[in-house]
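Contents: one structure, followed by commentary.
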Amino acid sequence: MRLPWELLVLQSFILCLADDSTLHGPIFIQEPSPVMFPLDSEEKKVKLNCEVKGNPKPHIRWKLNGTDVDTGMDFRYSVVEGSLLINNPNKTQDAGTYQCTATNSFGTIVSREAKLQFAYLDNFKTRTRSTVSVRRGQGMVLLCGPPPHSGELSYAWIFNEYPSYQDNRRFVSQETGNLYIAKVEKSDVGNYTCVVTNTVTNHKVLGPPTPLILRNDGVMGEYEPKIEVQFPETVPTAKGATVKLECFALGNPVPTIIWRRADGKPIARKARRHKSNGILEIPNFQQEDAGLYECVAENSRGKNVARGQLTFYAQPNWIQKINDIHVAMEENVFWECKANGRPKPTYKWLKNGEPLLTRDRIQIEQGTLNITIVNLSDAGMYQCLAENKHGVIFSNAELSVIAVGPDFSRTLLKRVTLVKVGGEVVIECKPKASPKPVYTWKKGRDILKENERITISEDGNLRIINVTKSDAGSYTCIATNHFGTASSTGNLVVKDPTRVMVPPSSMDVTVGESIVLPCQVTHDHSLDIVFTWSFNGHLIDFDRDGDHFERVGGQDSAGDLMIRNIQLKHAGKYVCMVQTSVDRLSAAADLIVRGPPGPPEAVTIDEITDTTAQLSWRPGPDNHSPITMYVIQARTPFSVGWQAVSTVPELIDGKTFTATVVGLNPWVEYEFRTVAANVIGIGEPSRPSEKRRTEEALPEVTPANVSGGGGSKSELVITWETVPEELQNGRGFGYVVAFRPYGKMIWMLTVLASADASRYVFRNESVHPFSPFEVKVGVFNNKGEGPFSPTTVVYSAEEEPTKPPASIFARSLSATDIEVFWASPLEKNRGRIQGYEVKYWRHEDKEENARKIRTVGNQTSTKITNLKGSVLYHLAVKAYNSAGTGPSSATVNVTTRKPPPSQPPGNIIWNSSDSKIILNWDQVKALDNESEVKGYKVLYRWNRQSSTSVIETNKTSVELSLPFDEDYIIEIKPFSDGGDGSSSEQIRIPKISNAYARGSGASTSNACTLSAISTIMISLTARSSL
């Protein structure tokens, strides 16, 4: 649809001045979709959706089969917010193809087409069907013949009023509705009824029954399969769709159905087989699923094959859509839309809903549209259509043509433009105008003419090079086109240039030093100046790297850089950059940092022997200070970190890159590294060399701490410390144990072929108890035998004592302590005695659970503590030595005394007089099961002293002579034959400045009350107040 020229001009001006999001052409939010409407629906209303946005609000029209729908002439039609409502829809009048059209002042767009169809299912016309007569064993087809309908159908059959099930002998085609029986049996005789269901309306109708009877003229013989249900030769299938192929055969015996691809490829695993293989279903169909498929029906009489080609198709799908374009008059427009699909889509173009063809300035080639020298008549709504036989898609865009005179309202010339003397400046002139204007410049009131210094570009910008002071002033840009003239003025200010007076200079420094790189300038003081520094091309971040870098100077014309604690990583190029609003310049300096050498490279083991390794390496960077020496370090699995090693030459100078490491252990895996040094310091070590093992050699190190002793009767036990693996010098390491009776000449030898052996036991009845032997242990490996250790004397195992101790006696010391006495055995022992073992147990316990304590040497008594009071204990004593214990003495019994009193002294009162402290307390009475109180112990100490003094008394008072210049801590407890009883709470008597004082401890009637009191209240009063 073509709009009036005046409306387009007005639209262009409004579009130019308004926000793009405010005014625009129609845009579909929702387009109509196909509708299958059930004729028997109770709703009696159809809605075709069409939702559009635009400003101004678009007007919506509908077309049916290309003809406008007149909603005013037919009350059944109404348009609500763009969507078309049809009341009481009629199959004859309303079925067809609908399309929505949207129009506003910017143009017109049309929607995709949508079909309205009516779903229905009529009743069967006939009420009876002829009887079908077949032989037993014969195949049979019962025709359904569905009545007139619209919408997809599904089929089922009823056999004698019951649903007919499907198996390998029966099949219902969902394409034709027919019932197939591969081989009729006697049980198949009866009435068959076809049931047809419309899947849209769910309406169901039953056909007339068909009687099936068996003929009496014989049984059908065997015959090969005959395929009655087969899929078409070509089955086009959409991408992503689900395709179902049917195949069923009659035959005797009942045929089996097998599916396969003719090209030999396996059928996709996603495929499913139904109804005894009668249906092959392939979901989510893709290009790789296309091909020739075969259905093979086979029985013992033969086989038949049905074939069909599954072809792949895809509706068009956008790869590239078109977008809105806003252009000035006389410019060019190019649109391109791209879609994929199968078959390949073709393209059409619409302008304002009407076909667009190639003519004059408009060139169309497939998905491209080219409009040259655009004018106002080209404005409108454009649509690109991509179409193949399976569908069509739309892409919509708006072409806005701007026609307006020059306007500087949003793009005024810069009010002030700064430039330095000798510099170059461009004053931009960018008014909004369509078509493109012609530009003129003035300086002051004079027209500016171009010369070799002053030029005006095609887009209107003014360029001046080699600026002088005389170029300063006001400049005006004048823009003119068909629709008017406009101008804008700005000022050019010329400033003196900035110059670096003290640039940074290259320096040579040592690691750890600090320096200042100067950067001082002269500049126009009316301009702000900014200093920045870069290091090796990267700006220095003074916040992040403040540990090393700091800006110093203190003047706006100085931007010096201080570098503190310089490291090797700080070597490189430093650039001071100075910037004002009119110029930018820089000055650079190189910083050389001298430091310890870098790590040497490529440390290689050239040759290795049993104790030496020949190494070579390449020097690393010397960091600007010659390397003076190298040190070689080694590491083994047995060393703690890296260790310096001896070399030849002993001192390796900086010009030597090979050395021999000496003093290595044979048959040990080594790795080496090299460290370089110069006058500044020691550098980082090299990467380790490869690991190499030294060659084998005879062992040289003998076992340490050769000793022994102990063991069982007639045994000589010899022990030693194993030789560390790094000192074994080779594989097959072991020990040679040599021993002989003391004073004899001939050695007995035993070989132990284990590097881990550390003990040998010689057992022989001829070995006397505790007799001396000379012992030494040697070493060997695959290379041969090594030395023996020094000879040492080891005693054979001794015999345990043979006689028991005598005269056992025990007595009770308290409720918790017993003392036991015994005498040495009366008869001579064959085994020496190293001490005695006392065994004790309670009467109610078993002897095997007894506790034991040991004495050492000739001690013939011991004290047993931590026992229970009033308990009967049994005791026995044995002599022992390293071979074990001897026979037990006779058992003696002893009963511990009653426990001491559990109640502490209570009601403690104290007073002081003439350097004395007098304590009084209540008498403690023992319980029936406790020992009688024999007296009391008073324990006292200075508050700062750890040692305690004790006074015993059989009274309930005591007098202490103590100086008053210290605080005292005092406790009181009873004692009895059963031991010491419970102690009172501690009483603190403070340092007393007055000669007379009185106080009391907590009053306690039992132990529980005493333990619950956490503080002691002390009151002091002068004697005069008593």
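Heads up, the Cβ atoms here are built off N, Cα and C, so glycines get one too.
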Candidates C429, C576 - disulfide partner of C519 as recorded in Swiss-Prot: C576
Second cysteine of the disulfide that Swiss-Prot assigns to C384, among C295, C337: C337
Other CB atoms, at most 10 A from the CB of N191 (N-linked glycosylation site): 15
Closest of N191, N370, C384, N466, N764 to C576 (disulfide bond), Cα positions, recorded positions only: N466
N858 (N-linked glycosylation site) versus recorded positions N90, N375, C477, N929 - nearest by Cα: N929
Range from 32-117, 406-493, 702-799, 900-995 with the greatest count of C-beta pairs under 8 A to the domain 'Ig-like C2-type 4' (316-400): 32-117
N90 (N-linked glycosylation site) - helix vs strand vs coil (DSSP): coil
Intrachain neighbours beyond the region 'Disordered' (685-710), with Cβ under 8 angstroms and 6 or more residues off its ends: 599-601, 603-605, 608-611, 613, 615, 617, 620, 633, 635, 642, 664-675, 716-724, 727-731, 733, 735, 775-790, 792, 794-797, 882-883
For the glycosylation sites N65, N375, the one whose C-beta sees the most other C-beta atoms within 10 angstroms: N375
Residues in the domain 'Ig-like C2-type 5' (406-493) grouped by DSSP into helix, strand and remaining coil: 3 helix, 46 strand, 39 coil
